[in-house]
Amino acid sequence: MTAFSFEKHGQDGKARTGVIHTARGDIRTPAFMPVGTAATVKAMMPESVAATGADILLGNTYHLMLRPTAERIQSLGGLHKFMNWSGPILTDSGGFQVMSLAALRKLTERGVTFKSHIDGSRHEITPERSMEIQAMLGSDIVMCFDECPALPADRDRIASSMEMSMRWAKRSKEAFGDRPGHALFGIQQGGLEQDLRGQSAESLREIGFDGYAVGGLAVGEGQAAMFDCLDFAADQLPQDRPRYLMGVGKPDDIVGAVARGIDMMDCVLPSRSGRTGQVFTRRGVLNIKNARHQDDPRPLDEDCGCPACSNYSRAYLHHVYRSQEIISSMLLTWHNLRFYQDLMAGMRDAIAAGEFTQWQAKFHTDRAEGDIEPL
Ligand SMILES: [Zn+2]
């Protein structure tokens with residue numbers, strides 16, 4: 001079995017490119033992970049997700065433990081078999097979504113109890129239970145169970161939360177045990193405070209993880225504050241392990257994060273936007289429901305190789321969106337995921353060639369141009 005490892009192939013400034021080797025295949029970095037919340041990337045067949053260029057998917061522990069349950073997925077052969085995705089899967093710990101979705105949450109040193117948002121049933125997640133659930137799912141990259149306050153929060157609250165997350169990280173590592181071929185990532189917390197982030201990174205290094213995530217960002221602080229924090233937060237994490245920025249983001253967030261030394265990201269944005277008619281292109285975001293597309297025979301993006309751009313006009317995509325046809329979500333999600341993967345591939349090539357500064361300048365110039373002129 002291939003051991004989990006990270007091989008850095010190139011670096012340009014702080015931006016890195018390389019490969020994460022896993023037992024289920026390689027992940028080219030910087031990597032974007034589409035989100036398969038309930039064992040599906042909505043509106044996409046798994047083979048279509050692979051065709052967009054994705055090497056790895058993300059699954060959500062909170063959703064899967066409630067429905068269909070981790071026990072059921074395990075008895076059916078694990079998450080990969082269940083959802084027909086043979087590549088690597090990363091699962092989150094469940095903590096973040098308990099805090100954002102569940103009712104009647106009660107947080108203690110032991111863990112968190114809550115009521116399901118689906119049927120009101122009572123559940124508990126502790127670091128030990130989170131490790132057990134992620135093992136039952138068969139996740140390749142397991143995340144530590146942690147807790148993070150929404151920003152802005154006062155410093156004492158951020159510090160005590162971070163310290164508890166570090167105690168939970170230790171319990172997560174002990175419960176994870178020795179599982180060859182599977183990786184456990186620690187999660188740095190500490191809000192926007194450089195010293196707290198530093199303490200958190202130090203605690204995680206002492207415990208020792210296969211990879212390190214920057215947690216607690218993209219929670220309402222805004223892009224400028226997030227970048228200011230990443231300027232030091234990424235540097236505080238080990239150079240020789242993958243760094244994962246959780247829940248990010250818009251294309252310009254992703255480019256800025258890669259420029260600051262991030263290797264992996266995930267976000268629902270490309271898939272969710274595909275269902276609401278928001279389309280990402282090199283020249284910014286367009287809204288397919290706008291009347292300007294109604295008679296436009298041109299593709300969304302003439303340089304994109306996805307099925308939506310190769311075979312369909314803006315006029316058709318506008319029509320099926322307005323008619324609420326299922327194919328609208330399918331085509332727009334495919335395009336958006338392909339756009340994100342092309343973005344990552346472009347960055348990987350530019351970093352390897354030592355041309356990432358020029359690449360970023362062109363990325364911003366193209367976006368500033370805005371959508372093609374209406375006909
Ligand atoms: Zn396309």
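Here, residue 1 is simply the first one shown, and the rest follow in order.
For all residues, glycine too, the Cβ spot is worked out from N, Cα and C.
Listed features, source TrEMBL:
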type	residues	note
ACT_SITE	D92	active site, proton acceptor
ACT_SITE	D266	active site, nucleophile
BINDING	D92, S93, G94, G95, F96, D146, Q189, G216	substrate binding site
BINDING	C304, C306, C309, H335	Zn(2+) binding site
REGION	247-253	region 'RNA binding'
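A separation of roughly 14 Å, to the nearest angstrom, links the Cα atoms of S93 (substrate binding site) and the residue listed as 'active site, nucleophile'. Within the same chain, residues 96, 217-219, 223, 226, 265-267, 269, 280, 339-340, 343, 363-364, 367 sit at least 6 positions outside the region 'RNA binding' (247-253) and bring their C-beta atoms closer than 8 Å to a C-beta of that stretch. Separation of the C-alpha atoms of G216 (substrate binding site) and the residue listed as 'active site, proton acceptor': 13 Å, rounded to the nearest whole number. Among the recorded positions listed (F96, D266, C306, C309, H335), C306, C309, H335 have a CB atom closer than 6 Å to some atom of ligand 1, in sequence order. Every protein chain considered, the tally of other Cβ atoms within 10 Å of the Cβ of D146 (substrate binding site) stands at 28.
Spanning the residues D92, S93, G94, G95, F96, D146, Q189, G216 that the record associates with binding substrate, the maximal Cα-Cα distance equals 16 Å. Neighbours of C304 (Zn(2+) binding site), defined as other CB atoms within 10 A of its CB across all chains, total 17. Take the mean position of the Cβ atoms of C304, C306, C309, H335, the recorded Zn(2+) site; other residues of that chain with a Cβ within 8 Å of it are P299, L300, D301, G305, P307, A308, S310, W334, R338, F339. For C306 (Zn(2+) binding site), the Cβ neighbour count at a 10 Å cut-off comes to 24, with all displayed protein chains included. Mean pLDDT of the predicted structure over the region 'RNA binding' (247-253): 97. By the criterion of other Cβ atoms within 10 Å of the residue's own Cβ, the least surrounded of the binding-site residues S93, Q189 is S93.
Annotation note: D266 (active site, nucleophile) sits in a strand segment as assigned by DSSP.
Look at D92 (active site, proton acceptor): DSSP puts it in coil.
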